[in-house]
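Here's the structure, in structure tokens; my notes come after.
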Amino acid sequence: MRVNSWNGWDPLRHVLVGRADGTMVQAPEPAVQRDFPADGFPLGTYGPMPEEMTAAANEQLDAFAVQLAARGVQVSRPTPIDFSQPVSTPDWEHPTGFGCMPPRDVLITVGNEILEATMCYRSRWFEYLCYRPVLQELFEADPDMRWEAAPKPRLTDASFVPGFWNEYQTLSKAEQLARVAEHDLVLTEEEPLFDAADIARFGVDLFVQLSLVTNRKGVDWLRRHFPDHRVHEVTFTNTHPLHIDATWVPLRPGLVLHNGERPADPELVKYFEVNDWQVVEAVQPASWKHHPRLSFCSPWLAVNILNLDPRTVCVEAEEVRLAEQLDGLGMEVVPVPFRAVGPFGGGLHCATVDIWREGGLEDYFPNRCGRF
Ligand code: ABU
């Protein structure tokens, strides 16, 4: 076993796949409020995800793990804790935890380092514990592994804008987008906050999205933590920015998939273009039975795909149009039934963490451009 991964496309050798066991619709908290009346969780209510949904999600997660193993990829799994317990620190108490699907939000591998993100949901404060058995095993097996954790945040009320959600939902789309552009959202700059899934890895370049779960201080912390990388703060035109991996998706060197419903900063597009990258707009996603918003995701989980190597990509089985598009771009598509996992917090990328991909650190962006 070894820890090594610099980007999202090199040949995959070892991966972590999440579990849906015990997932909760968490109690309302300053960073997030979940409101899914059609699925039995109107605002203010919380509790375990319905048993049949959990079982169906676990069935698909387990089958994906088997499918990866059959392709020669080693698979590790987290150890769920009891997410129905209250979570408390000396500063606050929260009635519930959340789950350990999706692991991509919590962990990121950069080279031989696995970094535990700060997170900003109180319900997710102890989620890292689910991954500690795997991290301990890796630490013992690979003498070069660097095991790091970003500073645990206090998450007192000072970390959140009071009354944000009540106000934000009264704004027009244009007003919301103006707030996103100014990064005037729910998080204050009290302390560094980021989710690992807001980071897209392209070798030396790390693109970090400012979002509902990542603040400027979080990006600054990452910049200081990875001095040998170019860490870029990026935003997209999206009223609910949450993780970059359904918005700006690396496919292989020279090719990035873009969710055109969330237009990218023109300077970011230019930076890719002057470095001979092709930016391709993804086709529209297929429809959903259980709206993935149950998990605070959008139907754009379609593009939340997992590369097995630069020419092979796992795509959710119902996303036929996307599979055809990727086929046309020279990718071999591996269809994976994963619809039942969406409401638990993500697609194939969210549900996994790269532990080992072949390859080393490379600079894919030799040309500077604008602020990049
Ligand atoms: N990591 C999940 C992203 C979900 C979304 O953008 O809709």
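Including glycine, each Cβ sits where the backbone N, Cα and C put it.
Taken from TrEMBL, the feature active site applies to D195, H243. Annotated active site, amidino-cysteine intermediate per TrEMBL: C350, in sequence order.
Taking the features listed in TrEMBL, we show where each one sits on the structure.
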residue: D195; record: active site; Cβ within 10 Å: 27
residue: H243; record: active site; Cβ within 10 Å: 27
residue: C350; record: active site, amidino-cysteine intermediate; Cβ within 10 Å: 26
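Proximity of the active-site residues (D195, H243, C350) to ligand 1: a Cβ under 6 Å from the molecule is found for H243, C350. When the Cα atoms are compared, C350 (active site, amidino-cysteine intermediate) and D195 (active site) turn out to be 11 Å apart. When the Cα atoms are compared, D195 (active site) and H243 (active site) turn out to be 7 Å apart.
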